[in-house]
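Notes follow the structure.
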């Protein structure tokens, strides 16, 4: 449960539950605006640009000053001279001190204790080996905080596994007698090894119990000591021990009837025991055979042939950011009335301070338009439009890496062969969402039919997608429309005759 708490940033308090967005430093931003007056306008324009790296600027830097820039995979790598933008100094005295800061510098990820031990900036007279040692140490520190260890830290307990198993264990159940009231479902839900054990023990126990009763009755009446005496009125013939009584119990319940042992009309208790064993045996047959049939033909096994893509993708479709995944059916017998829905699992804290662990919220997959009902003949790409009602409305490509959530996909339908309801499940974490990708087509036209190539089911390709959130894109679009309308009004006013 604690694994779904949001990650606090480096500088947050030890007892803080939720991280707060750190304020950017004022001095570097002022310095950057001083270096580039058009930075504000350029930043707004770059939001709509695809998430590709911009070409480097070729300027000169002072030797011995290593610089670090975060790449696309969040790995800080050293840059050569000429990659760091440098401002022309206002005078000669500030020529060695005015440097333009980079937009995203990974040095802030270094722990405070490590930064305290980092040497200060070396002067121009510092030897080259000393600069290389500083650069190497900083590179190693940043690589320790790179995506390899980040992925290891982000490994956590999933709510639902990729194969659809719910990772929730129920404990401290006081009223366990409720399971006995629904004994049929309890037996069906058992694992196969326990189910086979219960199946065998039901028969063995009844055979032994009734065999013991038969032997005790024969021993009390004296049939055991008078075996072979034709003048003795025996209740059960040819019973001389417990093994023969057990064999008589098995033959009676399974209606084998070898003919050597039988119940006579000399005693009423023998007839009553035979009738009771026949009724109990029929009940056990009905229960165990029914459980075996249901367990073998459960629609849960049908879900093994319903597959989901390993990753979700986020890209633009019809000028809107969409979260998409792919689902397919491997069998020729199709699902009837297939419906799909999605749940977002994420912990949050309310405005009153209440902590809600693993809160479930619905993701719209088209239930208001009917697009959630599938005709699952070929693989389908399911789309969630990121609009104002979506929980991903204000989430960008950068903030996606800092989030912790899980998307659960549930596909339900009726099995065409048996008419039973089947449910298939999978889940996606934030690490399994690819920003700026799209699924490759896996359908092709053959002579007389369409062909599905499932080897291309998981394949994706990169497309130009803005790294900004859908909220920011909508705001920029509204700003452009407002500017366009104001410009059109201005030109209309100029074109009017005096």
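Backbone N, Cα and C define each Cβ position, glycine as well.
TrEMBL entries are annotated by machine, without manual review.
TrEMBL lists 1-30 (among others) with the feature region 'Disordered'.
If you look up TrEMBL, you'll see 48-76 (among others) marked as region 'Disordered'.
Secondary structure by DSSP for the domain 'Potassium channel inwardly rectifying transmembrane' (160-299): 82 helix, 6 strand, 52 coil. Sequence annotations record features per position, and here TrEMBL assigns domain 'Potassium channel inwardly rectifying transmembrane' to 160-299.
Tertiary neighbourhood of the transmembrane segment (194-216): same-chain residues 187-188, 224, 236, 239, 241-242, 245-250, 252-253, 270, 273, 276-277, 280-281, 284, 287-288, 291-292, 295, selected by CB-CB distance under 8 Å and a gap of 6+ residues from either end. Positions annotated as transmembrane segment by TrEMBL: 194-216 (among others).
The feature transmembrane segment is assigned by TrEMBL to 271-294 (among others).
Across all of the domain 'Inward rectifier potassium channel C-terminal' (306-477), the predicted model scores a mean pLDDT of 92. What TrEMBL records for 306-477 is domain 'Inward rectifier potassium channel C-terminal'.
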